[in-house]
């Protein structure tokens with residue numbers, strides 16, 4: 001026998017099934033190539049060749065001459081089949097050893113590990129030589145019962161329902177309390193502008209201004225130092241801080257525990273500082289029974305939380321839509337296949353129903369009218385019309401006759417077909433599409449990775465800037481104010497202004513467009 005080697009070539013630029021046919025047809029004619037199998041979605045060609053006649057680089061060159069991009073893949077482990085089995089009837093370590101040693105001696109098994117505690121076997125094999133059914137048979141012959149590990153076909157790990165609910169709740173809570181806060185703020189602005197107008201037009205003295213100011217409803221003091229405005233703002237801010245910001249606090253805590261700083265840390269920092277500072281200022285004003293109401297920042301946390309939780313909610317809704325589409329796609333996969341044994345002249349000798357994961361490459365699968373194709377394959381007998389709309393979007397059924405390719409998941413309409421399996425398990429077109437979508441969901445866009453990396457530096461630098469701002473304004477204040485007799489009052493004014501400036505830095509940087517986007 002001639003030696004046969006196998007290589008994998010990454011092929012780019014294939015757009016449809018005719019590209020696949022084109023590559024397969026042209027390469028089969030070449031000397032030294034025994035067989036070629038191209039998977040469209042994976043963009044991969046598996047070539048079996050005679051190394052004495054042709055080299056993988058030459059094969060890639062042949063594909064490039066056809067107008068496609070081709071590179072030889074180094075890691076040939078890509079094509080290994082992996083099998084997870086549940087093995088029953090093992091009692092001790094010698095049973096494990098018996099199974100492992102027998103399997104390792106079996107031609108085509110590359111790796112095998114059996115765990116007694118979990119009753120599981122993990123086997124790697126070469127699908128060219130041996131298949132999952134053969135492996136199961138070997139274990140059964142040793143006197144153990146075995147079955148496939150049931151895979152979760154529901155795509156439940158891609159479900160975003162819980163996150164959607166969580167962020168929606170967070171957004172609604174923040175919004176309910178944010179609207180009155182905004183109302184109060186706008187009212188105060190309007191009143192302030194009217195006051196300043198009155199001041200400019202009527203040349204009032206500052207005493208009269210104070211009198212007019214305190215006659216406003218919201219400025220009325222419930223207790224000395226506690227105005228209606230500040231009291232209401234405080235009441236509206238507490239639930240948002242507690243319930244609206246709950247998830248942010250959890251995320252921020254996790255990030256800090258791992259010594260990283262992300263957007264959540266910044267959001268929590270800004271809102272907590274704004275809230276705590278305002279609360280302390282109020283307490284101080286009440287303790288001093290201040291006549292003038294202190295300036296608080298209770299409006300910051302609700303508004304920040306509203307915008308950011310809205311952003312998060314929308315993000316998860318978008319992800320959820322993709323996941324739904326994916327779950328529907330996964331549900332299109334057939335779960336069982338009818339494998340037939342053919343005698344001479346394609347006479348049916350026997351047929352058996354097996355789990356779709358047990359179908360091996362080269363198996364002859366029978367698909368009855370109305371049945372789904374369990375694997376990708378090539379028709380060897382029969383004529384039929386096939387609905388391939390799930391993959392191609394083509395509403396008209398496609399005619400299939402011997403030699404045509406069929407796609408897993410498409411529906412056979414009127415004739416019975418016998419197909420030879422070419423791509424099974426994770427290599428079918430449908431599995432590849434599912435894998436691509438899953439990868440797209442779990443991987444980050446390069447710009448997103450960049451944004452995450454930036455926010456790692458961004459958060460500490462913003463905190464630093466705001467601390468610098470605080471001290472800068474305190475220093476400026478003390479250098480300029482040279483009045484000692486009003487010392488205490490001045491200190492309070494300076495520190496309050498400095499704090500205001502530094503919190504402004506935090507609050508403006510925190511919902512930065514980078515993080516929101």
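Glycine is treated like the rest: Cβ placed from N, Cα and C.
Note that the structure is a prediction, hence the values are computed from the model and not measured.
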(message) In TrEMBL, one of 432-456, 457-481 is tagged transmembrane segment. Which stretch would that be?
(response) 457-481
(message) Suppose you had to name the range TrEMBL annotates as transmembrane segment; which of 133-154, 199-220, 265-286 would you pick?
(response) 265-286
(message) According to TrEMBL, transmembrane segment applies to one of these ranges: 85-107, 108-130, 292-314. Which one is it?
(response) 292-314
(message) Quick check on the annotations: TrEMBL lists transmembrane segment for one of 61-83, 222-244, 337-359. Which range is it?
(response) 222-244
(request) Sort out the residues at least 6 away from either end of the transmembrane segment (222-244), same chain, that have Cβ-Cβ distances under 8 Å to it, and list them. (result) 170-171, 173-174, 177-178, 180-181, 184, 188, 271-272, 275, 278-279, 282, 285-291, 293-294, 296, 298-299, 301-302, 305-306, 309
(message) For the domain 'HMA' (81-147), report the average pLDDT of the model, please.
(response) 89
(message) I need to check the long-range neighbours of the transmembrane segment (265-286): which residues 6 or more away from its ends have a CB within less than 8 Å of a CB in the stretch?
(response) 223-226, 230, 233-234, 237, 241, 245, 248-249, 252, 255-256, 293-298, 300-301, 304-305, 308, 455, 458-459, 462-463, 496, 499, 503, 506-507, 509-511, 515
